[in-house]
Amino acid sequence: MLVWLAEYLVQYNTAFNVVSYITFRAIMALLTAMGIGLWIGPEVIRRLQLLKFGQEVRNDGPESHFKKRGTPTMGGIMILIAIGVSTLLWADLRNSYVWFVLFVLFGYGAVGFVDDYWKIKRKNTDGLIARWKYFWLSVIALIAVFGIYAVGKDTAATQLVVPFFKDFMPQLGIFFIILSYFVIVGTSNAVNLTDGLDGLAIVPTIMVASAFALIAWATGNFNFAQYLHIPFVPNAGELVILCTAIVGAGLGFLWYNTYPAQVFMGDVGSLSLGGALGTIAVLVRQELLLVIMGGVFVVEALSVILQVGSYKLRQKRIFRMAPIHHHFELKGWPEPRVIVRFWIITLMLVLIGLVTLKLR
């Protein structure tokens, strides 16, 4: 929005030309989103407490979690507000890629909101009926994916980038739709499963979003895309603004979510953030890189799949409890130790992911 205003005002003062630079707007988007999160956080928490929107806790979970029962949830609302306002202010809204991400972000946020509401209303951890939850997540993802495919089907925007391979970038064609669908829905649910400890999901989200800000900038810059041997996607550069808005909103939320948490993001936050990361990965053609950098999310999701599969096939559990962060808690690890170690692992994976851009 401010891009349009600056384009008009630059004729009166060339200083407004600074708004045309992605780096400037990226920094401002981060600061704006973080500022909004810090500002509205106390009021959002207070209203959630008044509405008695408290977290429900599984009775078979770690005993240390029982004290969390009643902690305000649905704090993801403040994340969505911060990202939305910051993006609308600092992004170039003529860019279709920005709208694709916002569509998934708020669409998944709406599904998460309903899911959280039913958990609170029923006073248990069962929210929206699973088949309806996945139905709406799928509908939103497919609408976005078909839109992305329509915009970029004849360009590098539908190539698959394989880490460590410089010249192997197959054109996916219609298979782009299938891959993108699973990336968006899968990432959304993986982040959702990771969100079980204070700050466990939001910090890896911040790290991965920070990395994707760099990748989006390189993907949207012809010279750097050529240098790194990645597809040049002209519209991708504007996603830097969205990525830094996610980082800023995440930092603002972490202020209140760090151990011991004053608020939880709930499904309204985790589903939307995961969906946004998946959509960004699709748009910059780095789905496989997301698997590396978001390795913690992948392992959390796999632990649930393996646990359920093992129990159904063998009537035996692989882990003491899934997702895997609860397994470590039941082994005696204090919650802060689990959280920080998962953060460290994510930092390592993000750095490895960034290095693969050059190791081809």
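Glycine is treated like the rest: Cβ placed from N, Cα and C.
For reference, Swiss-Prot has these:
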- 21-41: transmembrane segment (TRANSMEM)
- 73-93: transmembrane segment (TRANSMEM)
- 98-118: transmembrane segment (TRANSMEM)
- 132-152: transmembrane segment (TRANSMEM)
- 168-188: transmembrane segment (TRANSMEM)
- 199-219: transmembrane segment (TRANSMEM)
- 236-256: transmembrane segment (TRANSMEM)
- 263-283: transmembrane segment (TRANSMEM)
- 288-308: transmembrane segment (TRANSMEM)
- 338-358: transmembrane segment (TRANSMEM)
Practice problem: State, in range form, which of 21-41, 168-188, 199-219, 263-283, 288-308 has the highest count of Cβ pairs under 8 Å to the transmembrane segment (236-256). | Solution: 21-41
Practice problem: Go through the chain and flag residues at least 6 beyond the ends of the transmembrane segment (338-358) whose CB is under 8 A from any CB in it; none is fine as an answer. | Solution: 163-164, 197-200, 203-204, 207-208, 210-211, 214-215, 218, 228, 230, 259, 289, 292-296, 325, 328-329
Self-check item: Intrachain residues whose Cβ lies under 8 Å of the transmembrane segment (263-283), provided they are six or more past its termini
Solution: 41, 44-45, 48, 55, 71-77, 79-80, 83, 97, 100-101, 104-109, 111-113, 115-116, 127, 137, 140-141, 144-145, 148, 157, 180, 183-192, 194-195, 201-202, 205, 208-209, 212, 216, 233, 235-236, 239, 242-243, 246, 250, 253, 256-257, 289-290, 294, 297
Exercise. Mind checking which residues of the chain, 6+ beyond the ends of the transmembrane segment (21-41), have their Cβ under 8 Å from one of its Cβ atoms?
Key: 2-3, 78-79, 81-83, 85-87, 89-91, 213, 217, 237-238, 240-249, 251-253, 255-256, 263
Quiz item: Where among 73-93, 98-118, 132-152, 288-308 do we find the most Cβ pairs under 8 Å to the transmembrane segment (199-219)?
Solution: 288-308
